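A.B. asks: These came from Swiss-Prot, pasted as-is:
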BINDING   GLY38, ALA39, ASN40, GLY41, SER42, GLY43, LYS44, THR45  ATP binding site
DOMAIN    5-240  domain 'ABC transporter'
REGION    277-297  region 'Disordered'
Amino acid sequence: MSALLAAHDLVAGFPDRPRVLDTVNLAIGRGTRLALLGANGSGKTTLLSCLAGSLKPTGGAVERDGAPIDWGRKGLREHRRHVQMVLQDPDDQLFSADVSQDVSFGPMNLGLEPDEVHARVREALTLLGADHLAERATHQLSYGERKRVATAGAVAMRPDVLMLDEPTAGLDPLGVHQMRDALDRLTDAGTTIVMATHDVALALDWADEVAIVCDATVHQGAPEALLSDADLVARSHLDTPWPLALAAALGLSARPRNLDEAVAALAPALGEFAATHDAAASVPGSDDTTNTDEETR
């Protein structure tokens, strides 16, 4: 299967750090859920910006549907019809006085009829669980609400690829659930999702593929295989997800996928521990609280 979006030998950086990314290769298939992992400053946001057409690389190429993107104004406008990026800080993407105006900004710039713009706004807000915010002023929203509205603005463009920089950061558990539910529905509808995150457990549970940014390059593969690479995980300053750590500690052939499976996996070891403890407790003198004759005199 050919990649919908790809980086080939990509080099990117800034004047004070010219090679944040050095000879990066990445291929993202249509409909993929890809989690982008890495330490702070590793280059995750830089890579997203290059793929979105917001930052021109100094070397290599970004391709969409097998063709290099055109970095001219017209070419970038066309690219952004297909690839949208949501920044980590929602305030960097909220410009209008109220929510509906803000979400409608992108579709209006596509030259759509007002009825179509309205339909897209309602659809995107509903998908993000934010339809009740449509008439609210953006400055009145909580951080989590602003994050959902900023995401709705990108969703309203109906892109082929939606890229999100730390979409669950700063959200409460309900907000995380709502965001994940929205992303799942988007992928079910065929949207390709690329999520930069520090949440390794989320990446393991949610993603079809993982790409780890480490030492200015990218390692891409299946989540379980890549996150089981102890050396790569350590060099990337990541934590081993608890399901993989538990599977390794117990010698399991498959990682537990949820808490119930983890408890079931632990049951034999806990049973053996309890039996050993009970046996030891039944031996005279084995209880530390037992007093000797000398102590009781």
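Quick reminder: no glycine exception, Cβ is built from N, Cα and C everywhere.
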A.B. asks: For the recorded ATP site, enumerate neighbouring residues of the same chain (Cβ within 8 Å of the Cβ centroid of GLY38, ALA39, ASN40, GLY41, SER42, GLY43, LYS44, THR45, site residues themselves excluded), in sequence order.
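C.D. replies: Surrounding the site, in chain order, are THR46, VAL213.
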A.B. asks: Could you list the residues of the same chain, at least six apart in sequence, whose Cβ is under 8 A from the Cβ of ASN40 (ATP binding site)?
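C.D. replies: Long-range Cβ contacts: none.
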A.B. asks: Please work out which residue of GLY41, GLY43 has the most C-beta neighbours within 10 angstroms of its C-beta, and give that one of the binding-site residues.
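C.D. replies: Per the Cβ count, the most surrounded site is GLY43.
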A.B. asks: Ten-angstrom check, please: count other Cβ atoms within 10 Å of the Cβ of LYS44 (ATP binding site), all chains counted.
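C.D. replies: A count of 26.
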A.B. asks: Just to be sure I understand the packing, how many Cβ atoms besides its own are within 10 Å of the Cβ of GLY38 (ATP binding site)?
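C.D. replies: GLY38 (ATP binding site): 23 neighbouring Cβ atoms within 10 Å.
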A.B. asks: List the same-chain residues at least 6 positions away in sequence whose Cβ sits under 8 Å from the Cβ of ALA39 (ATP binding site), in sequence order, or say none.
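C.D. replies: Residues satisfying the criterion: CYS214, SER236, HIS237, LEU238.
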A.B. asks: Can you tell me how many other Cβ atoms are located within 10 Å of the Cβ belonging to SER42 (ATP binding site)?
C.D. replies: 23
